[in-house]
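Inspection log for the structure reproduced underneath, given as structure tokens.
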Amino acid sequence: MCSTGEEILAKSTQGATFLMMGQLFGKLVTFVLHNVLVRFLSPRIFGITSFLDFLSSTVLFFSREAIRLATLRIKTGGDGGRGGEMSAELQTAVNFANIPMCIGAPLAVVLAVWQYSNLNSYFTQLPFFSWSIYLVLLSILAELASEPLYVVNQFMLNYRKRSQFEGAAVAASCLVNFAVIYWYENWVNGRGETVHDSYKQEGIAVLAFALGKVARAMTLLALYYVDYVRHLAHEKLFSLSLTKVRVPGSVYTAYFDSDVLQHFKKVYFQLCFKHLLTEGDKLIINSLCTVEEQGIYSLLSNYGSLITRMVFAPIEESLLLFLTRLLSDKTQQNLHICMRVLVNLVKFYLYLALVIVIFGPTNSSFLLKFLIGSKWSSTSVLETIRVYCFYLPFLSMNGILEAFFASVASGDEILRHSYLMMLLSGVFLLNCWVFLAHFNLSLEGLIFSNIINMTLRIIYCSNYIRGFYKRLFADSKQTSLSSSFAGLKKILLLCIVVAYVDWSIIGYVQNIRQLLVNILLSVTLVLAMAYNERKLLLEFIKKSKPVPVKEN
């Protein structure tokens, strides 16, 4: 276990690297499989698999996300030992980690029945569709069963194991998904050259997706359990079932820490509205868009946010884990460390956002042409992805700022943020109605609504962080955040020049030569950014080196 702020920072820096590697492996495997399948399947099938994925992710989010955040607030002894305190902390975490199954099992059934009744009859009558629903429910239960062991490894900051296990689970999912479709196309449906039964083909594709979900969940559960038996069970630090723990400073025992339980309730309320805003676009397209448009948006989410999920998501999650563990003891030193980390990460995000905004819209359509088959040529996906590129920086910046807010905010501040989420939910729905129903902007209108939503959330978190910074440095001459970003002015000017030159000479990329010119320009810009932040990069390299911290 880590005890000092610098040790937690060092391990979290390594953890971000492990999570990025795991995400990179998982996304590369998924990417290759996606490019094979997209040439066989229609936008309609991607629409229904997107719905099943939404069903699974929604149940898992509402079941476990608040618990994962709340257990990070369990106060540690700080000595890094393995005595009674360590055992009590882990048992408390495991007790909380048993709650997701109690929430998820009934929620999965209710949500599946409700959504099933609202589906188009075309899908409900597909071969194997009912079996696919049952398999998705099974995958949810299997994944929730692994939650106690996930929480234990999260509490110990065991990033390496998690990235290894999740990488293996993703690989298993993709292999099963591909194997089922490949088997059907080559052994049942001819050689894949002629579609003899397109209706059954679509049913098989949905079934393959569901089987992939089950393979992922079962692999994850098996790996966590085997690791527990091999490395933790013999030490008897905790039980996987509910066990009472002695309340600190008291002779009484309880299953749940009262402070953590109160924080869980407030975080859960906030996450309900946060998820509605984060996943609200999927709810909207299910109501206001055609099945083909749902498939297009699913494709955009998969291709358009590759960088976001491979780079930004691991950093955001590592920051959240790092800050929550670090600030379980809110010393002045720890507060200064967390502020320094945030400023450096915001700089990195701003640099990457500039690169995406400059080169994303001009290159994305050309690159996407090589990745999709003829079944998508008649859709608007090539035009829509250009607009989607402008949304990615807002999505990413909001993620890092809200991760900081969730880590440092008190229970009452989180509750106030929940009320804001409630208000923004109404604003989001209003914007969607205006853009989609009134102006008929289709998917572009949905993206504009998301940009407005993310902008408002960024403004709120930025104001909170600005106040937090002023209070933290009240006794110092440095009371403004702007001085930390003074070096960005030169890079911003360079970005404007590069964007003007790129658009004036090339515009939208149409051939390989123009693509190579854009790559050269982007590399030059990135090198200029790296030179501008050379001291920060050297510090990051030092932090990424292995530290003598024992990992379980």
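Each Cβ is built from the backbone N, Cα and C atoms, and glycine gets one as well.
Swiss-Prot lists 18-38, 42-62, 94-114, 126-146, 168-188, 203-223, 341-361, 389-409, 419-439, 491-511, 512-532 with the feature transmembrane segment.
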Cβ-based contact of the transmembrane segment (341-361) with the transmembrane segment (512-532), 3 or more pairs under 8 Å: yes
Surrounding residues of the transmembrane segment (94-114) on its own chain - C-beta under 8 Å, 6+ positions past either end: 55, 58-60, 62-64, 67, 70-71, 133, 136-137, 140-141, 144-145, 147-148, 150-152, 238-243, 245, 255-256, 260, 264
Surrounding residues of the transmembrane segment (491-511) on its own chain - C-beta under 8 Å, 6+ positions past either end: 351, 354, 358-359, 361-363, 365-366, 517-518, 521, 524-525, 528-529, 532
Tertiary contacts of the transmembrane segment (512-532), as residues 6+ beyond its ends and Cβ separation under 8 Å: 351, 354-355, 358-359, 362-363, 366-367, 487, 490-491, 494-495, 498, 501-502, 505-506
